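A.B. asks: The structure that follows is given in the form of structure tokens.
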Amino acid sequence: MAQYEEVTVHGYEEFCKAVSERAGKEIFAYFSGNKDAQGKSWCPDCVKAEPIVRGEMSHLPEGSVFIYCQVGERAFWKDPSNDFKKTLKLSGVPTLLRYGTPQKLVEEECFKSDLVKMMFTED
Amino acid sequence: MATLCRVRHRWKRIKCAHVLTRSLTGKFDYDLVVIGGGSGGLACSKEAAQFGQRVAVLDYVEPSAKGTKWGLGGTCVNVGCIPKKLMHQAALLGTAVKDAKKYGWQISGPVCHDWATMAEAVQNHVRSLNWGHRVQLQDKKVKYLNMKGSLVDEHTVKGLTKAGKETILTAKNIVIATGGRPKYPTNIPGAIEYGLTSDDIFWLKKSPGKTLVVGASYVALECAGFLTGIGLDTTVMIRSIALRGFDQQMAGLVTDYMEAYGTKFVRKCVPKRVEKLSSGALQVTWSDINTGSEHKDTFDSVLWAVGRAPETKALGLDKLGVKLNKETGKIVLGADESTSVPNIFAFGDIGEGRPELTPTAIKAGKLLAQRLAGHSTQLMNYDNVATTVFTPLEYGCVGLSEEEAERRHGKDGIEIYHAFYKPLEFTVPERDASQCYLKVVCERGGDQKILGLHFTGPNAGEVTQGFSLGFQCGATYSHLLQTVGIHPTCAEELTKVNITKRSGLDATVTGC
């Protein structure tokens with residue numbers, strides 16, 4: 001079982017800070033709509049994808065970082081000027097990406113465990 | 001007695017049927033194994049998987065002499081069409097910025113180009129395509145192996161990883177779509193140690209600087225074109241003629257434009273050796289073919305664009321008796337992409353006599369997959385394929401060159417309508433349009449069927465694509481006359497062309 005670091009952040013600034021503190025490491029980031037007090041996200045696709053993504057985390061490479069980032073409330077996400085959309089160029093949630101590369105899985109792609117495993121294991 | 005014989009024969013027939021069935025199901029790991037994950041290989045494997053076939057594709061990139069390597073997608077995606085067109089666009093934008101002032105844009109000083117910014121953006125786009133292809137294969141249930149494939153026997157492929165691990169796959173059918181790689185000159189000292197090819201140019205992190213491009217192919221001219229366009233001191237060294245195989249009048253217009261716009265040409269010369277100086281620069285010595293005199297100059301980079309060779313060496317083809325063309329080394333193919341071995345097929349750049357183009361490889365691959373799955377008998381039609389050379393002045397064409405049309409129909413059997421025109425966009429910035437030209441080569445009699453159509457000008461690819469549909473449908477000069485142009489465009493000049501070469505009249509279009 002590979003050793004990886006899981007980091008949980010809320011919002012763009014926290015995300016950027018977490019990344020900059022881990023320069024030189026292989027970083028995977030999973031972006032999800034905020035969870036409410038009961039732990040349920042406003043984004044139904046995120047609710048569906050999370051267990052699938054978590055199910056493949058045992059395949060994460062040794063020494064890598066997995067950042068679980070809650071992007072914000074629904075209204076914040078819907079605004080196209082939010083930093084995730086503008087700067088990080090995210091088009092939807094959930095998004096699973098390998099930071100610093102064009103490799104990403106967006107929305108329904110995150111439902112496919114074989115694609116998630118492929119992202120964690122292939123170059 | 002007779003009854004007994006009949007029963008015995010019936011039993012034999014039943015036994016045979018069982019043996020036949022057993023050999024068709026479950027004997028092979030895959031229905032189809034494709035060696036090569038480029039334009040052709042990917043199209044073929046994905047199409048086959050759509051029909052429910054069990055498919056595997058092997059893709060492996062042997063690093064270039066300079067150590068450059070890339071991901072899934074083949075030449076087009078990584079070291080061909082895609083990065084080429086993006087860098088061509090970067091260069092065109094440089095020219096546009098210069099024109100912009102005349103159109104009223106206030107641009108303070110000279111605008112310079114940063115290679116690293118362009119290269120990173122281009123390389124990132126290519127990497128996103130590598131990933132896109134990877135996701136597509138997975139999604140379409142095609143098994144992908146990043147391994148160097150070779151043939152063991154007619155139904156067995158060996159895959160070798162970079163680390164040397166072996167995997168054996170058996171397949172009902174095998175398709176070879178390994179394409180080609182740039183050639184290095186064999187007899188020029190320093191060529192391999194110090195030179196680059198198109199495999200390397202798009203992946204450089206730093207600007208190639210003052211560059212010598214050796215060759216006169218479209219690869220050479222397109223690369224020299226965008227290097228000049230982004231502001232680099234660029235020289236093209238040509239041994240004999242430019243764009244061999246293309247219409248030579250059009251080739252001349254392409255190179256004339258490049259020369260007028262700053263690319264230097266050294267003609268009828270061959271490089272003799274490349275040496276590295278203590279400064280790190282490369283000194284190239286070349287000789288003039290006519291006089292024999294030698295010349296030298298220093299460059300930061302030397303780009304060899306002297307042809308491409310098929311990737312067949314490591315495949316093990318001779319062992320299986322797959323017939324190759326002795327001259328070109330490419331695989332000899334039937335019209336259905338079959339090789340001399342019954343269940344082994346090949347197509348794309350690796351095929352003898354095939355165009356080295358992505359769209360033909362993709363289409364041929366899909367049709368092959370359909371035929372192998374038993375869903376079609378349609379063969380690939382390699383005729384009437386339109387192409388475009390993305391030099392600074394783009395050249396688009398479909399059909400025969402003037403020379404070829406003359407060869408087939410005789411000078412008296414053809415009528416050529418032509419025109420020099422000026423794109424409207426060139427007028428305000430006072431740009432020279434001397435090489436913006438078009439010609440339609442037609443049969444002389446009857447409806448004057450169009451045999452070839454040639455166009456140099458901005459967006460030649462976009463212009464030619466539309467006309468290629470007409471060409472495919474057997475368009476005639478009469479059809480062209482009946483077609484009303486869209487105004488104001490460059491393309492409309494094709495619908496208005498009426499001066500023949502035969503008349504000797506001035507073919508310059510006057511204003512509308």
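Cβ atoms are placed via backbone N, Cα and C, with glycine included.
Whatever TrEMBL says is automated annotation, not expert-curated.
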A.B. asks: Need a hand: TrEMBL gives B:Gly215, B:Ala216, B:Ser217, B:Tyr218, B:Val219, B:Ala220, B:Leu221, B:Glu222 for NAD(+), which of B:Gly132, B:Gly292, B:Gly307 is also on that list?
C.D. replies: B:Gly307
A.B. asks: According to TrEMBL, B:Cys76 takes part in a disulfide bond; indicate which of B:Cys44, B:Cys81 is its partner.
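C.D. replies: If we follow TrEMBL, the cysteine bonded to B:Cys76 turns out to be B:Cys81.
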A.B. asks: List the same-chain residues at least 6 positions away in sequence whose Cβ sits under 8 Å from the Cβ of B:Cys76 (disulfide bond), in sequence order, or say none.
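C.D. replies: Result: B:Gly38, B:Ser39, B:Ile82, B:Thr358.
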A.B. asks: State the Cα to Cα distance, in Å, between B:Lys85 (FAD binding site) and B:Gly215 (NAD(+) binding site), rounded to an integer.
C.D. replies: 19
A.B. asks: Here the recorded positions are B:Cys81, B:Val219, B:Leu221; which one has the lowest number of other Cβ atoms no more than 10 Å from its Cβ?
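C.D. replies: It is B:Cys81 that, of the recorded positions B:Cys81, B:Val219, B:Leu221, has the fewest other Cβ atoms within 10 Å.
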A.B. asks: Of B:Cys81, B:Gly215, B:Ser217, B:Leu221, which is closest to B:Gly149 (FAD binding site) if I measure between C-alpha atoms? They're all recorded positions.
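C.D. replies: It is B:Cys81, whose Cα lies nearest.
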A.B. asks: Out of B:Cys81, B:Asp349, B:His487, which of these recorded positions is nearest B:Leu221 (NAD(+) binding site) by C-alpha distance?
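C.D. replies: The answer is B:Cys81.
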A.B. asks: Return one of helix, strand or coil for B:Gly149 (FAD binding site), based on DSSP.
C.D. replies: strand
A.B. asks: Around the Cβ of B:Asp349 (FAD binding site), how many other Cβ atoms lie within 10 Å? Please give the count over every shown protein chain.
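C.D. replies: The Cβ of B:Asp349 (FAD binding site) has 29 Cβ neighbours within 10 Å.
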A.B. asks: Round to the nearest Å and give the CA-to-CA distance linking B:Gly307 (NAD(+) binding site) with B:Asp349 (FAD binding site).
C.D. replies: 12
A.B. asks: Summarise the domain 'Pyridine nucleotide-disulphide oxidoreductase dimerisation' (B:385-496) as counts of helix, strand and coil residues per DSSP.
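C.D. replies: The composition, in the requested order, is 39 helix, 31 strand, 42 coil.
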